[in-house]
């Protein structure tokens, strides 16, 4: 496949990618609701879209366009389920922890970015928050009321789904199917239609996060923020909108309805949806209490091993989690690092390697809807050929330079699964790094047991001895984490 093709969830076909505006590709990805620490499901989504953005930038360098990437932070308005009823998730967490809702949001926002940084996920160009864009959301609601697509009822504002002919076109869900699915649509007496969704909610007594609006004190509905912020920073029509497959309905269908009703223009050209992480075939999630906290995983595995594990499956394929599966990925990750180190340290020889053929195969894989598992498979074909050449006659200067460039460009810059050259040449091998992770997991468990039995002397001694050796322990609500102190 010579040019980039993207699977469009709306048309259910692969389509050639061409930005709307010459010189600029725009992408919006639904960000996290910050009421808890990130888990492996978040990692799959944001690592997958990180590669999407990296590859777009790689292609854009050749085709003359830049990429503007927006990923929001939902810090208000996401209810405890997808219906219009229930308690705001952040407010609920604040009540449980007996702190201010914004303290919850900011604490878990910092935690989210810490985890993404360790996974090598690059920051978006713009990371807007819902609470920082209340005026824009109110303005969008006013436009929808003026155009007859929304109505106020008892301080609430609802989108009239019957006013928008294309409602449900992304998921293919009908209003009747939505009603029969259970839990997705709440039936209220102040709605014209049970399927109408909330744009603005009246704040009940005791609701903490609320703002003044033309309809009284209230707060925005879950779906509103993404439309308002995407259009503010990327325009009425954006190139790519990404998110989890579970967000097709109702979230993305509602985004389409309210955005296109307001502007009269197509909201998104290419819809992309990543699949879920499963545990024994069941979706991972906080509500099912089967999620795996990233901070806990980082205590057992190098974060880049987890990234490598994620990218060995296609973003549209489910990823079944087990520690055994990550350990299996670890050997491949270590081989990648060791081969790169061997290449850099190798003496100049006489052998040649057809690097360009491997580069083209990797390019073709990534141009085929960002097919990372095929790209990684080709990378290991290259590693096999490279090691064979190094075993035989070594590589001449041109082949060695080309091989290093392939590693740097594709394994490093695009896939993000290659440690830096300085780290590899000066640091530990993958095996010794994993040994350190294993030892630290044991020490943190011993310290946890000491604290539980109120043996604070032992707990503090473990912490202090590790600190002397350049390892810092940080106690969080979810347990202790560790990191090496920067020199």
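Note that the numbers count up from 1, one per residue, in the order the chain is shown.
Glycine residues also receive a Cβ, built from the backbone N, Cα and C atoms like all the rest.
Among the features that Swiss-Prot reports, Zn(2+) binding site is placed at 30, 226, 251, 255. What Swiss-Prot records for 286 is ATP binding site, and it gives similarity to another entry as the kind of evidence. Annotation comment: Swiss-Prot describes 32-42 as motif ''HIGH' region'. Marked as motif ''KMSKS' region' by Swiss-Prot: 283-287.
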(request) For residue 30 (Zn(2+) binding site), just give me the three-state DSSP call. (result) coil
(message) Quick check: with 30, 226, 251, 255 left out, which same-chain residues have Cβ atoms within 8 Å of the centroid of the Zn(2+) site Cβ atoms?
(response) 223, 225, 227, 241, 243, 247, 252, 254
(message) For the binding-site residues listed here (30, 226), tell me which residue's CB has the most neighbouring CB atoms inside 10 Å.
(response) 226
(request) Would you find the one among the binding-site residues 251, 255 whose Cβ has the most company, meaning other Cβ atoms within 10 Å? (result) 255
